[in-house]
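Colleague: Here it is, the structure, as structure tokens.
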Amino acid sequence: MPSIFSYQSAAVDWCEGNFEHSEYIAEYYNTISNISFFILAPLILWLNSPYMDFRPLPVRGLAIMEICIGIFSAYFHMTLSYAGQLLDELSILWGMAMCYAFWFPTRYFPGFIKNRDQFVRVVLLVTLLSTLMSFVKPALNAYVLNCVAFHLLYLTTQELKQCKNPRVHHLAAVMVIWWVISIGCWLADKFLCSWCQQLNFCYLHSLWHVFINVTLLYCATLIIYFDILYESPASEPRLMYWPSETSLLALPYVAVLKPQKWC
Ligand SMILES: [Zn+2]
């Protein structure tokens, strides 16, 4: 019986041909495209330094989880091992759980939860159970991750319905466009591989790695904006772009116009 660490022991294989560019790296471009996770992590820390003066923990946690996801995803695509697949999926699950625990708005807490400490304990319990289940039924993981992603999208639309700021709507629209492009790349690589092979372009999964990071940057900016808006409205958060709004590669961030002390 092959070990869970042995090459190509994973249940999935992506469209890119295996060992085409290196005898040690199964999927070359799917592996190196994970560099986008290592670029995004310091970028999020740097762009959100005004927010980190108030709440440093969530952004630092997010950056650390980004690095973990990048490492495990690179290891998975390099080896296509079962252990790599599990580590990749579980790091995404724990990353999402951490964002829930830190940022889930208190007004959406279910009735039986009284405060954030209780909420964090429930999230921890559910994440531990999902982690254990993924060893029993690995296929379940992808469904859990998708459910969480759609729940986040639902919450975003709820928030946007109450928000009149056109800058917020624009940022959310751009985020959804990137998200759709990312998911499209992931699905096409998985289900339309023979077409991709005919077109001689089997690298859509590596584009998914890049585009989902762009989506994450927009998503984190939106979450941070709402966090400041609800927790400290007098701080006057404002959505900005670096280096400028009109530049080709404009990166979104939240500026704090009137910094206040948070309780
Ligand atoms: Zn991947």
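Placed from the backbone N, Cα and C atoms, the Cβ positions cover glycine too.
Since we're looking at a predicted model, the values are computed, not measured.
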Colleague: Given that TrEMBL annotates H205, H209 as Zn(2+)-binding, name the residue from H21, H77 that shares the site.
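Modeller: TrEMBL lists H205, H209 binding Zn(2+), and from H21, H77 it also lists H77.
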Colleague: Can you check which of 59-78, 239-258 TrEMBL lists as transmembrane segment?
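Modeller: Result: 59-78 is the stretch TrEMBL calls transmembrane segment.
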Colleague: Does the transmembrane segment (208-230) come near the transmembrane segment (118-134), with 3+ Cβ pairs under 8 Å (pairs 6 or more apart)?
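Modeller: Per Cβ check, the transmembrane segment (208-230) does not touch the transmembrane segment (118-134).
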Colleague: Taking the center of the Cβ atoms of H77, H205, H209 at the recorded Zn(2+) site, which other residues in this chain have a Cβ no more than 8 Å from that point?
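Modeller: So the extra residues in range turn out to be W14, E16, E27, Y29, N30, T31, S33, N34, S73, S206, W208.
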Colleague: Rank the binding-site residues D13, E16, E27 by the number of other Cβ atoms within 10 Å of each Cβ, and give the residue at the low end.
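Modeller: Ranked by other Cβ atoms within 10 Å, the binding-site residues D13, E16, E27 bottom out at D13.
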Colleague: Out of H77, H205, H209, the binding-site residues in the record, which is closest to D13 (Ca(2+) binding site) when you go by Cα distance?
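Modeller: Nearest listed residue in space: H77.
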Colleague: Let's check the environment of W14 (Ca(2+) binding site): how many other CB atoms sit within 10 Å of its CB?
Modeller: 24
Colleague: For the Ca(2+) site (D13, W14, E16, N18, E27), what does the 8 A shell look like? I mean other same-chain residues with CB within 8 A of the CB centroid.
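Modeller: The surrounding set, listed in chain order, is C15, G17, A26, N30, H77, L80, C202, H205.
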